[in-house]
C-alpha cells in the first residue's frame, strides 16, 4: 500500500478572452468539456472538468475570459464568475499567450491570489521561434506578479502538460476524491450538448453573428438505444435569424449535423437533434433574462 497521500482540489484556469483557456482545459482532461472557437468570450459559464490520477484528483474550473472593455449584463455576469472562482479554488492557473501581453492581461493581475498558489502558464509556445524571445517575454510578466511557478505549454501539441499537472498537484491539499474516478465533468450531459451546439454556431457564423445568441435544451428523451433532443437557439434580433439559417437553410443544416455528431460521440448512441430559432429581444443585457436562460 502506498504511503503517498492523496491530494484533491479545485484549479481555476483564468486569463483574458480568447487566450486558450478552454483548449488547455480540454487537453489536460483529455476530453472535450469546454467549447472552443476563434470568437472571444466563447466560454460563458464556469465549467468543471475532472482528471483523476493515481495520487491526485484535479477539478479544473474553466472560466470565461475576464472582460475589461464592455460592461453589459452578460459581461458583468462573466466577470463575477471569474472573481468568485479566484476566491474559492486551491490553485490558480493564469494563462497568457506567448508573445502577446495586452491591457486585458495586465488588468487581471490585481485579482490574482498570493503567489503560493498561482502558476503562470504561457500558452501557444509552438508559435515562438526563439527561446530568448520567450524568456524575455516571461521575465517582464513575472516582474509584475510573484508567481509560484512558470510553465510554458502547447495544448495543441501536448507539450509540457505533464509538467504543468505535476506543478499543480504539488500545490493541492491532501484530501479524499470528490468525484468517481471515471467522472470527466460535473455538468449534466444536456448542458454539454447545448454548449456543443453553441460552439458550432460560433465556428460557422461567429464573424457575422453578435454575442446575443445562446442555446436552451427544451427536450431530452434518452433510451438505451437512442437520444432525442430539441434545442432552441435564442437570438436578440429578427435580423439574426437569416444569418443562422443561411441560404436555403444551409447554415443551420450544417450546424445541426455537426452538433448531432458530437453529441452522439458524447452519449455513445444515435441522436436525433431538432433545432429551431427564437427571437428574444435584448436578452443578453438583462440580468433577469440571463437567469431565465440558465446563466449563473
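All residue numbers here begin at 1 and follow the chain in the order shown.
In case you wondered, yes, glycine gets a Cβ from its N, Cα and C as well.
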Swiss-Prot annotation of region 'G2' - which of the ranges 36-40, 41-45, 46-50, 51-55 it falls on: 41-45
Swiss-Prot annotation (region 'G4') - matching range among 119-122, 123-126, 127-130: 123-126
62-65, 66-69, 70-73 - the one Swiss-Prot records as region 'G3': 62-65
Secondary structure of residue 15 (GTP binding site) (DSSP, helix/strand/coil): coil
Residue 21 (GTP binding site) in three-state DSSP notation: helix
Neighbour count (Cβ, 10 Å) for residue 63 (GTP binding site): 28
Sequence-distant neighbours of residue 125 (GTP binding site) in its chain (C-beta under 8 A, six or more apart): 98, 134, 152, 153, 154, 159, 160
Cβ atoms near residue 18 (GTP binding site) (within 10 Å, other residues, all chains): 18
